[in-house]
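Visitor: Submitted below is the structure of interest, expressed as structure tokens.
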Amino acid sequence: MKIIIINTNCSNLSSVKIMLNKLGCNTIITDDPDLIIQSDKILLPGVGTANTAMKQLKKKNLIQLIKKCTQPTLGICLGMQLFGSFSNENTHTNTLNIINVPVKHMYSPTLPIPHMGWNNITILKKHDLLNGINNNHYFYFAHSYCMELNYTTIAYTNYGQPFSSVIVYKNFFGVQFHPEKSSFSGEQLIKNFLEI
């Protein structure tokens with residue numbers, strides 16, 4: 001199986017690769033369009049700002065390629081947010097518009113933003129991506145922006161407000177948390193993705 005991590009020049013690429021290697025996967029970090037097209041699975045991790053990530057994808061001529069991918073593609077944290085229509089970060093940043101849902105800054109009158117640390121998910125719809133995972137499983141989050149619950153949401157998390165923590169749309173899968181930092185639960189989710 002050919003597994004590609006799209007090189008967005010973000011800081012968590014190597015930690016995602018380490019987890020995949022631990023699971024016995026042959027994984028390449030690349031921005032080569034030919035390698036991406038020929039892959040069996042794609043991961044789009046991201047840390048930082050939507051504006052910076054979109055500039056990188058545009059510079060590498062990857063925007064249309066990602067949108068046209070037919071193989072299973074997993075967006076992690078910012079990578080999931082990039083699947084949305086736009087982010088209100090820096091007033092307005094256009095993203096990949098794979099799903100017609102905006103990404104908005106989180107708000108809580110009592111909790112600190114960004115949302116940092118462990119939190120559980122509440123599953124709304126059964127899906128192969130969540131096999132072996134239930135509402136008691138905790139994942140590691142680190143984000144200030146989120147997607148509200150929408151037609152692609154299969155699990156959500158509460159942090160001052162409910163937000164989408166797992167989404168599925170066609171061949172695109174997204175998780176707001178970091179599976180590579182989420183111990184057993186994260187490893188189980190990645191295994192499930194690899195089996196889809």
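Every residue, even glycine, has its Cβ placed from backbone N, Cα and C.
Pulled these from Swiss-Prot:
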type	residues	note
DOMAIN	2-196	domain 'Glutamine amidotransferase type-1'
ACT_SITE	CYS77	active site, nucleophile
ACT_SITE	HIS178	active site
ACT_SITE	GLU180	active site
Visitor: Using the alpha carbons only, what distance in Å do you get between HIS178 (active site) and the residue listed as 'active site, nucleophile' once rounded?
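Guide: Computed Cα spacing between HIS178 (active site) and the residue listed as 'active site, nucleophile' is 6 Å.
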Visitor: Report the same-chain neighbours of CYS77 (active site, nucleophile): residues 6+ apart in sequence with Cβ closer than 8 Å to its Cβ, ordered by sequence.
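Guide: Counting only residues 6 or more apart in sequence, the Cβ neighbours of CYS77 (active site, nucleophile) under 8 Å are ASN12, PRO45, GLY46, VAL47, ALA142, HIS143, VAL175, GLN176, PHE177, HIS178.
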Visitor: Could you say whether, by DSSP, HIS178 (active site) belongs to a helix, a strand or a coil region?
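Guide: Where HIS178 (active site) sits, the three-state DSSP reduction gives coil.
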